[in-house]
């Protein structure tokens, strides 16, 4: 049975205390709404998002990454509440999966399990450790009797710890029939989607409660909950990679992006941060190193190294306090304290301490190309654009602003000067 998916993302998110819309708050460097959309499009090609607060800003980000998303706008003034969000929604398929835009931890497998039940109305519920302000779910004889919003719950109902996760699967025809019947006769004067359970019950529809994991289905409302969710996501990411054979030393201190890939035997030390679409292949990343959108193969990086975007390392050693950006290094040693930006360096080359590729002239970036088996002495500056042929020696302290031919020794230093007894003359000793 095909499914249409609707994501509710129109709330103000006032508890987040931010100028940025709640669903654009980032979790592991990716907006919450993007985490949800990735899973939604894996399940259906008919995905809609309901927006209101800062609609244009949220819509722009959604369509940049998921251009096939249908965008709807909720009239919060006249139709507030979760049921009000569904006005104007026209599903293309036989049933609808309704998700919340602030639930980025939900796994695709859990949604598939929810969809596997053929009841006309499925409701995701969980046993809450602390029910707080969640809506309470009353279940009798394996069927949902009703959902009571916390604001409207009596003392007895507040004691119930079975809570509404806010995720529904409903037959499209049933939704179309029941939605117009929902009113706003409640304490908040809102149109609650939870009322659809009561209406379905009145028509003797079987409502199936599907129990899910509380942590996975947590809604994120403030910065504290955002931090809890990010920690939870990081634990899952690192657990997965450790099960694939990656060694993490003090994994709780490392950050691994959702799109990072490890291949072969890899080892990651403490306080490492690997971001973006980085690929680490048979490599060791040592303490306190940062890698952004780069490929590291058969290499060791760090400690305290920084690979900025678009670096490609193969069979290379990058030591402490070395920064690379847009650099291709093949069988290279750069042991310490260097900046290698916008460059290509070939096999057998050694980069001495304090080497800099001066790649920016204030207007444009320029490239440095260094060939094979080049020895670069300490404190060398390459003024790009410049090309160093194979088997060259660059003397320490040189500033290289011209191309250097194969096999040459390049020296560029100011003539030294020594003034005898100058100290004694200056201080009259």
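Even glycines carry a Cβ here, placed using N, Cα and C.
What Swiss-Prot annotates here:
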ACT_SITE  336  active site, proton acceptor
BINDING   8-11, 22, 81-82, 135, 149, 164, 221, 308, 325, 339, 350  UDP-N-acetyl-alpha-D-glucosamine binding site
BINDING   102, 221  Mg(2+) binding site
BINDING   359, 360, 378, 396, 413  acetyl-CoA binding site
REGION    1-223  region 'Pyrophosphorylase'
REGION    224-244  region 'Linker'
REGION    245-429  region 'N-acetyltransferase'
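A map of Swiss-Prot features onto the structure.
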residue	record	Cβ within 10 Å
8	UDP-N-acetyl-alpha-D-glucosamine binding site	21
22	UDP-N-acetyl-alpha-D-glucosamine binding site	26
82	UDP-N-acetyl-alpha-D-glucosamine binding site	23
149	UDP-N-acetyl-alpha-D-glucosamine binding site	20
221	UDP-N-acetyl-alpha-D-glucosamine binding site	16
325	UDP-N-acetyl-alpha-D-glucosamine binding site	20
350	UDP-N-acetyl-alpha-D-glucosamine binding site	16
359	acetyl-CoA binding site	23
378	acetyl-CoA binding site	17
413	acetyl-CoA binding site	10
Taking DSSP helix as H, G and I and strand as E and B, the region 'Linker' (224-244) has 20 helix, 0 strand, 1 coil
Chain residues outside the region 'Linker' (224-244) and at least six past its termini with a C-beta under 8 angstroms from it: 16, 25, 27-28, 104-105, 215, 218, 251, 254-256, 258, 260, 262
Within 10 Å of each Cβ, count the other Cβ atoms and name the one among the binding-site residues 10, 396 with the highest count. 10
Please report how many Å separate the Cα atom of residue 325 (UDP-N-acetyl-alpha-D-glucosamine binding site) from that of the residue listed as 'active site, proton acceptor', as a whole number. 15
Restricting to the chain of residue 102 (Mg(2+) binding site) and a gap of 6 or more, list residues whose Cβ falls under 8 Å of its Cβ, or answer none. 9, 11, 13, 22, 23, 32, 219, 220, 221
Inter-residue C-alpha distance, residue 359 (acetyl-CoA binding site) and residue 82 (UDP-N-acetyl-alpha-D-glucosamine binding site) (nearest angstrom): 54
Nonlocal residues around the residue listed as 'active site, proton acceptor', in sequence order (Cβ under 8 Å, 6 or more apart): 319, 320, 321, 322, 353
Tell me the Cα distance separating residue 350 (UDP-N-acetyl-alpha-D-glucosamine binding site) from residue 413 (acetyl-CoA binding site), rounded to the nearest angstrom. 20
Nearest to residue 350 (UDP-N-acetyl-alpha-D-glucosamine binding site) by Cα, among 360, 378, 396 (binding-site residues)? 378
Report, in whole Å, the straight Cα-to-Cα distance of residue 378 (acetyl-CoA binding site) from residue 10 (UDP-N-acetyl-alpha-D-glucosamine binding site). 58
Consider each pair of residues in 359, 360, 378, 396, 413, all listed by the record as binding acetyl-CoA, and report the largest Cα separation in Å as a whole number. 22
So what's the mean pLDDT when you look at the region 'Linker' (224-244)? 97
Measuring Cα to Cα, tell me the gap between residue 8 (UDP-N-acetyl-alpha-D-glucosamine binding site) and residue 360 (acetyl-CoA binding site) in whole angstrom. 46
Distance [Cα-Cα, Å, rounded] between residue 82 (UDP-N-acetyl-alpha-D-glucosamine binding site) and residue 360 (acetyl-CoA binding site): 53
